[in-house]
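Participant: Okay, handing you the structure first.
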Amino acid sequence: MSRPSTPLLDKVPTPDRLRALPERDLPQLAEELRTELIDAVSTTGGHLGAGLGVVELTVALHHVFNTPYDRIIWDVGHQAYPHKILTGRRDRIRTLRQAGGLSGFTKRAESEYDPFGAAHSSTSISAGLGMAVASELSGEKRNVIAVIGDGSMSAGMAYEAMNNAGALDARLIVILNDNDMSIAPPTGAMSAYLARLVSGRTYRSVREAAKQVAQKLPKFLQDKARKSEEYARAFFTGGTLFEELGFYYVGPIDGHNLDHLLPVLKNVRDTQKGPVLIHVVTQKGKGYAPAEAAADKYHGVNKFDVITGKQAKPPANAPSYTKIFGTSLIEEARHDDKIVAVTAAMPTGTGLDLFGEAFPKRVFDVGIAEQHAVTFAAGLASEGYKPFCAIYSTFLQRGYDQVVHDVSIQNLPVRFPIDRAGLVGADGPTHAGSFDTGFLAALPGFVVMAASDEAELRHMVRTAAEYDEGPISFRYPRGDGVGVDLPERGSVLEIGKGRIVREGTKVALLSFGTRLQECLAAAEELGAAGLSTTVVDARFAKPLDHDLIRRLAREHEVLVMVEEGAVGGFGSHVLQFLATDGLLDRGLKVRALTLPDIYQDHGKPDAMYAEAGLDRTGIVRTVFAALHRDELGHEALPTPFRA
């Protein structure tokens, strides 16, 4: 299929060429950039709506500022695709999120135009402030610009950074990309005029002179003068909050109108004092009708037909783990009115949108605020409710102190459904669920489970609902289940007890999580080679099933632990127990298979697990290496690379 015609964009491989264009050509460039973005993402999938919303802003920023000397930091990075196209990566834009291709987020190792990597929200202002201070210490005159969405402004970290920037009076530019119009809409020509006026040198010079005069007044009159000036501008702009944090506020302005953006950005660029916040209002999905009409459905997309907007979705062999969690929690909530659900701005991603439809008064979306979500859930638990605080593994890292201090130390029965456990594929290392088993199983009294299939997940939801003795978690991966039969309602599992799935005598494979299917496939291959193999679904990393592990250690020559997590998790706990119990003193051959001690780059999950040695082939190789043989009894094959 032929690509769209983009004659002007073809002449702009890098920002220096963009800066050479006359301003009259920039609207055409923006339209061609938008067309190229739509076409590229239609072939790869990825984050579409956010990028479409910042096309004009991206063009304006690279036209006004001297990148890469001047630093542009994109919060989260979902919106950075237009930036990548303009910064020397257009020839690879159709490799987005593919193995060996461009990252779906900003990445320092990928380009000098990406000064700071991102994928989690609300980090841009802190990073930008650090860069601005470093620039000042070095005697540099560079501009530092942090672009942050209004959604990311729900996280406390953004305000902590702004408060610090205001106190330091740092030379930092923050662009608030308000794409939900959640703060204030622009008011047409008057808004644009005021933004241009108050961002200019003349206004700011007069303002500084007035401040100097006011400083000679008694303090109570100084305060009144300052408040009068702030509230006079806030009457038009709504910027009082940001002024209180020490920022000079400009806006709101239309983020799709280059005639509005360019003069304001130039004025701010040419002003050398203090932190500035520019409030820009944009529309997610701008310029592509299907995305404008359904912004939520076009935030992250599969490959799609550009003409119809229809996304290609492969047929599912089984319901997704996320859906199974959501429907299972609904079933438990029908039997227990104390069950409530908490999400940190991810109701659809965690399956709690389904719960919210069934029980709208029992679900709480606290915004991008994982720390608050965890302690909010702890407060609910302290009053006898049963909160299920559903958070992706990678985002639970943001609330770990609250897990320790507010939940675990007080032994409060907060339930933690942990979605996106293990490798997540195209989103890469920033979103991989690698560490939760290790950091939760280290906590005294914390029950840590992992579902091996969708039926086990249903059992674990029921088990967590019934468990009131302290905090409990259960992890499960992204994607579809394996197609096992599902009970209408889960059963309560005995805490700390695993299950034997297949009996053998020579080799024992002890699986924690959904690698169970690969263990069963490996057992078939090992059996065909004359090695009778036991396969066990551990279910629990804490408490461990000590009796079962003792039996496996005493009755088998080889014991292999398999998990979808980093070093320091399930396998480490098993090895600690084996050593303490003296079970390593009899010559047992023990191997622990984990994710490698590197940040694996993005790719297809199956290929990534194979690279990690966590597929059938890797498990078989590990067993034969432990026995110093291969399938034919020859010299052992090399073991998988473990960084």
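Cβ atoms here come from the backbone N, Cα and C positions, even for glycine.
What Swiss-Prot shows for this protein is this:
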type    : residues                                                              : note
BINDING : HIS78, ALA119, HIS120, SER121, GLY151, SER152, ASN179, TYR288, GLU370 : thiamine diphosphate binding site
BINDING : ASP150, ASN179                                                        : Mg(2+) binding site
Participant: Look up GLU370 (thiamine diphosphate binding site) in the DSSP assignment and reduce it to helix, strand or coil.
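Facilitator: Its secondary structure by DSSP: helix.
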Participant: Please report the distance from the Cα of ASP150 (Mg(2+) binding site) to the Cα of GLU370 (thiamine diphosphate binding site), rounded to the nearest angstrom.
Facilitator: 17
Participant: On a simple 10 Å Cβ count over all chains shown, which one of the binding-site residues ASP150, GLU370 is most densely packed?
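Facilitator: Checking each of ASP150, GLU370, the winner is GLU370.
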Participant: Roughly how wide, in whole Å, is the group HIS78, ALA119, HIS120, SER121, GLY151, SER152, ASN179, TYR288, GLU370 that binds thiamine diphosphate, by largest Cα to Cα distance?
Facilitator: 33
Participant: Among the binding-site residues listed here, HIS78, HIS120, which has the most company in the form of other Cβ atoms within 10 Å of its Cβ?
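Facilitator: Going through HIS78, HIS120 one by one, the largest Cβ count within 10 Å is at HIS78.
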Participant: Name the residues of the same chain, 6+ apart in sequence, whose Cβ is under 8 Å from the Cβ of ASN179 (thiamine diphosphate binding site)?
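Facilitator: The list for ASN179 (thiamine diphosphate binding site) reads ALA50, GLY53, GLY149, ASP150, VAL281, THR282, GLN283, LYS284, given in order along the sequence.
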Participant: For GLY151 (thiamine diphosphate binding site), which residues of its chain lie six or more apart in sequence with Cβ-Cβ distance below 8 Å?
Facilitator: SER121, ASP180, ALA345, GLY367, ILE368
